[in-house]
């Protein structure tokens, strides 16, 4: 099968049904598993559901939704916290549908300049100006919104230096109580720098510390009978409390991992939050296999050892790990981790302040991830049972496999084999096979070779699927039939999955081996949804492998490595186009204009140098 535009259908109804109303960040993935969009929400369910309304006005949203193959979320305590995490994810994943696909130097920042009377301002680009930078922010409007808030809270100038130098009397900002007018010496340097220091602490996330300092200053001003100054501090405190959102993401921890644990219905979720440089840099859910009735502390001890100390893990141990329960009454585990890091490592469960909020946040995400996984498992079990009934299986279906072929113009052919059981994808059993020694573009031969690679040496009956899906029509299915006719063992049930004319989900034709009769299923049948899921996963896995192989070839690709381009044609191409770089940049029409180069060969040359 040539790489096409087959797109996995995202089950938005099922996802939204169990989505929380809490604030957080959502990530959208395409069929290749790449993050294509990151967003934040005050109400996750309300925001995410807006993408799947029947009428969506924005063309960008329509295009984006068509590309969604899966989604996941990270719950946060506040919308402000979600904003910071959203920015972290955008930097990490660089999603193509987010606006900010650029380097850090192009992200906007707030700058507090190094000046006798520092100013707060908007900055983008190289950091040549001296001062303190705060950010980056996800977009310019976020910076301007923050500057507007800061101007209301701290009377610090935001004017250009040239405007500042030209003043002979206070401007309107002074009248609005948004600047102390240091330009004309209305305030002292100490008074101005006092506000600068408070603004800096606020930008560092030390909100409560700012309020505490203002309270002390207000009380001191009252004691000194400076009631006007005391009133100014009082108003400042009121404004801060009104706008304050305690954000646990910007605490004082420099390097901290926080772990949450949730268990239920035979499943365990361990949730990791990674805090670096005072920010939540990311999160991840793990679902370890845990024997029944294993105590929580034992589960966590085993997880910590495997997560941080495995020879193959390669993870950096943080200086502090916050846990939901105590795991080391004898401190042995902390000593082992400290030895590995060559610095003291704290493992603690009794925490306060920001760490307690991190701990609570990790627990929220653990519960959310567990509920989501249990829902997926329930859906998978229901669909598997439906398929079992359709195929009239007398015993439960234990294992299903699906094959797909991916290539571009017959080059870098890759076959995929994905495996599903009653709980969903079994990714540890996934396999890819590089297909060589066939006529380029011969999908039938590619399928035959892939089956031989997978099953020729399959000696353990437990690894043989109950059902084998073949992504393709009767021709591809016939290759599987021919192979298993001579196999000498009990063959799996073979089913061909042929695409409809428009390749739209729901229009597939399911073909049984032997009789080649079609299996009638409605568009909303659970069994069909399962088959689509398996087929789409096989397609995704094949395309991903093919692209990786093609990209690898591209790095070393030369005309000598392209089938059909011999010495004479190579010489003609270089003579007419001028050099290898010109060949790489040439269009198909330009390549086909070279004497001796056919249209089909021009296409082969063109695609050999491209990833898309």
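Cβ coordinates come from backbone N, Cα and C, glycine included.
These come from Swiss-Prot:
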type	residues	note
DOMAIN	21-99	domain 'GIY-YIG'
DOMAIN	208-243	domain 'UVR'
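Counting residues 6+ beyond its ends, the domain 'UVR' (208-243) has Cβ neighbours under 8 Å at 149, 152-154, 194, 198, 201-202 in the same chain. Here the domain 'UVR' (208-243) returns a mean pLDDT of 79 for the predicted model.
Across the domain 'GIY-YIG' (21-99), DSSP classifies residues as 33 helix, 19 strand, 27 coil. Secondary structure by DSSP for the domain 'UVR' (208-243): 33 helix, 0 strand, 3 coil.
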